[in-house]
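Following: one structure in structure tokens, then a few remarks.
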Amino acid sequence: MRPLVAHIDLDALRHNYQLACQCAPQSRSLAVIKANAYGHGAVACAQALESLAPAFGVACIEEALALREGGITKPIVLLEGIFSADELPLVDRHQLWVAVHSAWQVDALLAFSPQQPIPVWLKVDSGMHRLGFDVKEAPAVWQRLVNAPQVAALHLMSHFATADASDGRYFTQQMQVLQALAKTLDAPLCLANSPATLAWPDAHGDWNRPGVMLYGSDPLEVANDTTRQLRPVMSLRSEIIALRELSEGEPVGYGGRWRAKRRSRIAVIAAGYGDGYDRHAVDGTPVLVNGQRCAIAGKVSMDMLTVDVTDIQSAAIGSEVVLWGAASNGAVLPVDEVARYCDTISYTLLTGVLPRVPRHYQAPTV
Ligand SMILES: *Cc1c(COP(=O)(O)O)cnc(C)c1O
């Protein structure tokens, strides 16, 4: 079989989730597992976390229903709420919780008669300027919902634009707007994504919403003591399938982007952009071969990529290759580092691993 596999370490997922909880001991942490748990497999990740996490967060009802079909019974929050009113009977039947960010969603909810009241997270735009009610209109919406028979617990929710940045000025501005609003309404809050969970205790509310940190990626501009304890959950591993010697000056791959500056040994790896490995990876993007660092040489192809292994004597056909994550000798290549070489973020690399790549799950040891 083709050797490319995404190994998913479910112990590491539990460890990272517990780190999020330790950062915010007064909050409940909603495990965000949208986009197929950032590419890791939503049902498997939810199963591994179900004994720890009080609730899960997803982007849409399709994702919530897949979790219910997978046997997940914990509360699931639709972070963008419904996309059309006809989802409400399913929300009710499957006991989902909904965000509301727009007037039409509130109207639809208040025109619906659920079997039991639905927990609602009222989303406010505090400065992200993407989804949510204007801060000025939020109190009126809150009053419409707070005593409505359709509505169970009501929370105030917002999202930060710059929680990952070390410059906290815009963050603090958003924070102050929200705290003032929550005080007026006497509302419980849910604000913190991963970076705010890790770096901004002031933003910890009744609930937090960590996502990417659960998968072992450090979302902060500057790492801290907690982020250094994160463990990679996905290790994208393959093998060397061919080797060749090049003379000085000879090019590798499409367009001949990389040229040998000396006599070089080039390894061909079974992994390419057709698997979700980013074609923007520049020459020099790190890769682990037998747990040792080496670098991409030449453009990434659809099914293959090429690496300079001149300095790795042990490199042979069948040698283990790690594109990101942990090698079997314990060496780690952080997905965040690979992302920088691809001019992107870990989120796109992780969610971008295509269905063609089999996921192999390492069961949690509990
Ligand atoms: C995706 C998402 C999160 C998680 O964000 P991370 O940066 O991955 O921690 C939190 N809240 C909302 C509303 C989201 O859409």
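Each residue's number is its place along the chain shown, starting with 1.
For all residues, glycine too, the Cβ spot is worked out from N, Cα and C.
Any TrEMBL annotation is an automated prediction that lacks curation.
In TrEMBL this protein carries:
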ACT_SITE  LYS34  active site, proton acceptor
MOD_RES   LYS34  N6-(pyridoxal phosphate)lysine
BINDING   ARG130, MET302  substrate binding site
DOMAIN    233-362  domain 'Alanine racemase C-terminal'
ACT_SITE  TYR254  active site, proton acceptor
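Structure coloured by features recorded in TrEMBL.
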residue : record                       : Cβ contacts under 8 Å, 6 or more apart
LYS34   : active site, proton acceptor : ALA42, GLY57, VAL58, ALA59, CYS60, GLU63, LEU79, GLY211
ARG130  : substrate binding site       : HIS159
TYR254  : active site, proton acceptor : GLY298, LYS299, SER301
MET302  : substrate binding site       : GLY272, TYR273, GLY274
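Summarised by DSSP class, the composition of the domain 'Alanine racemase C-terminal' (233-362) is 19 helix, 49 strand, 62 coil. Confidence annotation: the domain 'Alanine racemase C-terminal' (233-362) carries a mean pLDDT of 98 in the model.
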